[in-house]
Amino acid sequence: MTSAERAAALFAEEHGSAASAVWSAPGRVNLIGEHTDYNDGYVLPFALPHRTAVAVRPRTDGLLSTATFGSDRRLHRSPEIAISELHPGSPTGWAAYPAGVAWALREGGFPIGGADLMIVGEVPTGAGLSSSHALECATALALLDTAGAAPGQPGAPSLGEIARLVQRAENDFAGAPTGLLDQTASLACTEAHALFFDVRTGQGEQIPFDSLGAGLEVLVVDTRVKHSHSESGYGERRRGCERAAELLGRKALRDVTAAELPTVLPELPEELRPLVRHVVTENDRVLATVDQLRAGRYAEIGPLLNASHASLRDDYRISSPELDLAVDTALAAGALGSRMIGGGFGGSAIALVPADDRPAVEQAVLDAFARADLTAPRLFTAVPSAGAGRDR
Ligand code: GLA
């Protein structure tokens, strides 16, 4: 049963009749371009096959009711809330995500008259695979549908506008200072492609990335570890980048080129230099990766993934022992390239692996984690899949 089918069935069971629509949105893997989004730079994500579905029916009393089928396979109901009374800080916890989206849509001028939502998620949580954005994007589309403003309907905002509304929910309601990577990936990716997205211009280009067709697999290693300082660490890095741009008199670090680094870095306080070096070189690595993919040379992106990991580990300093173990082990066992992905301080790594070598790489990673006495990681092959859409 897909998450959309389950959401529809649970909705009918809970409310006694059918939902008016079901929308779903995927989690993502970012192939390369990490911590570049809030620096106005480039990213290259693709969508996971794992999706979060939201079955919806409009209400006329202004209330939002939310129930979710959790990974514990039980239904969790949140108290009904008046959309007109939503404000940042209330509710908190998990319910802040759907409520934050309703708030952002209200603030954005979309007349959401109330809705019943049934949420079923299959994106692994806490794994750096954007389960929260899958939830927020599917919720945004479902709620827009109740206002006649979902994609394909006359009053629909563009995907870029929806991504910004979801970002607002995440930044101003849930209080996470994240960029535009995750919601853009969830909304706009297409099957067998990676999305080359320029955050400054808002322009996206679908780059063919049929990894399986090329005999390669992108293996995801979810370390199942998230270190407690991940949120503070993210915010500190972001503020450091913004401060560096300001000191250099640039709008964003996007405006610094690699050729300028030798002259620009000495102008900065020592602690900001590695941050700038990471962002500037990472943007170049995205462009180089796109060039290789356009030429169909998928295997050639391996060294770029490795360089990205080294930069995130040594300059941006957001890797973890578990991520490094996953990356080093995968490479030693035959991966063509490997790196941590997402916000950092835990979560997942990816390894680009020839399909024939995948079982050996998987086993090597499992063995290495067992030898280090760590929880067994969750491993799966990520096939570039479709972005958000209406299921029924
Ligand atoms: C998290 C954030 C994104 C992005 C990545 C790092 O996933 O939500 O906006 O900054 O980290 O690339």
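Every residue gets a Cβ built from N, Cα and C, even glycine.
Model, not experiment: these values are computed from the prediction.
According to TrEMBL, the features are:
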type   : residues : note
DOMAIN : 10-58    : domain 'Galactokinase N-terminal'
DOMAIN : 97-187   : domain 'GHMP kinase N-terminal'
DOMAIN : 291-368  : domain 'GHMP kinase C-terminal'
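Applying DSSP to the domain 'GHMP kinase N-terminal' (97-187) sorts its residues as follows: 49 helix, 7 strand, 35 coil.
Over the domain 'GHMP kinase N-terminal' (97-187), the average per-residue pLDDT in this prediction is 96.
Residues in the domain 'GHMP kinase C-terminal' (291-368) partition by DSSP class (helix H, G, I; strand E, B; coil) as 47 helix, 13 strand, 18 coil.
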